[in-house]
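Residues or ranges marked as compositional bias 'Pro residues' in TrEMBL: 43-54. Marked as domain 'RRM' by TrEMBL: 57-135, 137-219, 232-304. Annotated region 'Disordered' per TrEMBL: 24-57, in sequence order.
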Amino acid sequence: MESNQKAGGDGLAGTQKEAALRALMQRTGYQLRQENGQRRYGGPPPSWDGPPPERGSEIFVGKLPRDLFEDELVPLCEKFGKIYEVRMMMDFNGNNRGYAFVTFSTKLEAKAAMKQLNNYEIRNGRLLGVCASVDNCRLFVGGIPKTKKREEILTEMRKVTDGVVDVIVYPSAADKSKNRGFAFVEYESHRAAAMARRKLLPGRIQLWGHAIAVDWAEPEVEVDEDTMATVKILYVRNLMLQTTEESIEKEFNSLKPGAVERVKKIRDYAFVHFTQREDAINAMNALNGKVLDGSPIEVTLAKPVDKDSYVRYTRGTGGRGSSLLQTDYTAYTLGQVYDPSAAYLGAPVFYAPQAYATIPGQFRFPAAKAHVGGRGLVRTPSVRGCSRTCRYHGYHCSSDWIIV
């Protein structure tokens, strides 16, 4: 076998399959260069004119054989559209790290590739794991005084970090005049979020004299449009604890008696199942923002998520997806329906009420990789982050993906 050591200007001399990689470059005209622990093919490709592809055009390709390189991956991906860029994560010994990112010129091409390549047998008995890649722009910030309002938190975050676009704050289940002690901060770009995360790491900055917990927010699982077009379940948030399933059903049946099939309430949120999708859409439009038992409710379509796909999606984000609890309540034929706000760190959960109250009041960092007691078991914030050499922090950057 040829030496794995890298030498020369493009870092290819002496690498595995050097001849094959150079032949690929000659055929396509793309440049291949080694930098910061990854090898970049294209980005942009030859004769590319204009901005990079829109968000959502990149896929994550995991479970790669360690001796598989661009000369095999590129021809496979070319079948689904024009490749803008391939980033293959590399080990110091010249093998890949088991995963790569492939950016297509459009979202439609990426979607087609993701659908066809997930579980594709790349070699005998070796199946790829492919899903959407997320360019994260959102941070979780915990340890916020519960008396602070959204506007105060937004102002404070803009004082200490740059590029803040929005702050998402959820009211306490027990007292709607207070927040839950945490917020999600949205930044204008991934770079801005990464810089803010570095600046806010524990011990460097306090907010209102309080120590804070900072980590990447978990991704919100994307569901394809075709699936969402069939949803007949509404997700209702910001309910009062004392609001009953019976009162929710009565309210949502008020527009059309008998339209509601059943209601499932967990703490301060609920899922309302309709017999007909049209009735669900009408109820969502009519009742979103309505005051129920003294609290304005938020009503959206619920997102059905296949459990196996969610586990693959969240693997490599610090392992937090593995701490989700499951109940025996199945709400959707495609899998489960998640609540995007009830879990610590914002992870979608499968009917598992994860109360922020179970987190200890005193944050200790570096955070222990452990669960804490209480009704909802949760994992404390990860401070591991991703590979120092990867420009995408917090998403699909961990070697955890290799063992999917």
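Residue numbering: from 1, along the chain as shown.
Every residue gets a Cβ built from N, Cα and C, even glycine.
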For the domain 'RRM' (137-219), the mean pLDDT of the predicted model: 90
DSSP helix/strand/coil residue counts for the domain 'RRM' (57-135): 20 helix, 31 strand, 28 coil
Per-state residue totals over the compositional bias 'Pro residues' (43-54) - DSSP helix, strand, coil: 0 helix, 0 strand, 12 coil
DSSP residue counts for the domain 'RRM' (137-219), split into helix, strand and coil: 22 helix, 28 strand, 33 coil
